[in-house]
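Working notes, beginning with the structure itself.
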């Protein structure tokens, strides 16, 4: 009986090994086919998946729109007349404490939404989480529309922030999972384009409402937000679920149907569907060997810790780069001597840089990669801060105010050259990692939102344009961090990134390191051996983190 049991166990192990080898072979075939495909061919075949990802990301137009209107309101007469206070000269203004409070209220709500999404997306999937959040969004808009005072408006910002927090993480993770490597960076950066569209629409709507001197001048911009929830909710009912999530839940047949929907009709046969599923399973297996769990605590363990650090810091850099100065451009430029109408006009031009900058990033990253473009963007932002800060020490004239406005336009353009976050986390903890990264961003934004109004407002610190010298210093620190810690992810499959991180390859060697993600695994440790990759720049098999 014992010998028969041993024989059965050996046969079972042989079968498991055979299935594992077959899965690895199919996954390798799918990965090689995907990487060898020209970009135009990838776009032609997988445009349905790209369109679904873009559709999902349009929810962030709402977030960009609200953040745009609340900052632009501080320079609008109708808003200041209803919510503002009188200064010593008899002019209405919204105190810096309340400006920071309103922005931070939305950020606090987003933190709640981020943690909700980290749980719900992993358990219920992207489709159901997105649909429920859209219903909450439609209900939350009622509060700011009918606000009677600043405390009620603050409550509305907090409640509206909850679904925005859900959309921020969900859309970025979904974009990284539904399309091939060649489209991944473009779809993730489309999220930034949606924010820009929202910001531009916000300033455009408020500019159009300047002729309304009553409460409709600030209520109409909030009412416009109801244009999004209904069509996006209806569209979400037909949304393909993430195939990676379906495979993780053991729903392989459903995953195959989704993979078929994400490509043009007739592209996938049964063999290619099996290969795509095998590739997902293989990547999942690599991540299980590095870190078996898929919860928030697992994002801080082992290899995931380094990936989480890079994700969090690169997102926090968005705040500490000093880009927030542009968000207060309408009131900032008026302080510098520009008229209300011209300040809003120039603010609209600044916000078009989100729309222009993202396609420019698509073109540049195709040639130079994401690390290079991201670091170049930080350097350009620092240069813009140096120029604006220098102009801040000159006398206030119409010429200097327009000069500052033009440089702020270039600063906003530089800011939009780079998308990193979606590539860095492991797939098993991607929703949680992106949620934590966004929390890092929001906490940074809360700090920055406390600083910037006080820096710019004459009734507070009154630094004006000279505040940009402070942000020049933070840009220098950010550039130094990225040089040593930010790796290049262009053209890498998730499996290759897993191996590079697991073998502790230095960030500056990611681009030059050759990886075979389908090499034999060391079964005793579950870790890839040093022989599974070779570096053109490092003589040793392993680098230091």
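Even glycines carry a Cβ here, placed using N, Cα and C.
Keep in mind that TrEMBL annotations are predicted by a computer and have not been checked by a curator.
Summarised as a single figure, the pLDDT of the domain 'Major facilitator superfamily (MFS) profile' (52-490) averages 82. Under the heading domain 'Major facilitator superfamily (MFS) profile', TrEMBL lists 52-490.
For 129-147 (among others), the entry in TrEMBL reads transmembrane segment.
Remote same-chain partners of the transmembrane segment (153-174), defined as residues 6 or more beyond its termini with a Cβ less than 8 Å from a stretch Cβ, comprise 53, 56-57, 59-60, 62-63, 66, 70, 83, 101-103, 105-118, 120-121, 126, 129-130, 133-134, 136-137, 140-141, 143-144, 147, 188, 191, 242, 421-422, 430-431, 434-435, 438. What TrEMBL records for 153-174 (among others) is transmembrane segment.
What TrEMBL records for 186-208 (among others) is transmembrane segment. Long-range Cβ contacts of the transmembrane segment (186-208) within its own chain (Cβ-Cβ under 8 Å, at least 6 residues beyond either end) map to 50, 53-54, 57-69, 72-73, 76, 171-172, 175-176, 178-179, 220-221, 224, 330, 341, 344-345, 347-348, 351-355, 357-359, 361-362, 416, 419, 421-423.
The feature transmembrane segment is assigned by TrEMBL to 220-239 (among others).
Among the features that TrEMBL reports, transmembrane segment is placed at 373-394 (among others). With a threshold of 8 Å between CB atoms, the same-chain residues lying at least 6 positions outside the transmembrane segment (373-394) that come near it are 314, 317, 321-323, 325, 361, 364-365, 400, 403-404, 407-408, 410-411, 414-418, 420, 463-469, 471-472, 475-476, 478-479, 482-483, 486.
The transmembrane segment annotation in TrEMBL covers 400-422 (among others).
As annotated by TrEMBL, transmembrane segment applies to 434-452 (among others).
What TrEMBL lists as transmembrane segment is 464-484 (among others). The list of residues near the transmembrane segment (464-484) in space but at least 6 beyond its ends in sequence, with Cβ under 8 angstroms from a Cβ of it, reads 313-314, 317, 320-322, 325, 332, 335-336, 371, 374-375, 378-379, 381-382, 384-386, 388-389, 391-393, 404, 452, 455-456, 458, 507-508.
Annotated region 'Disordered' per TrEMBL: 524-545, in sequence order.
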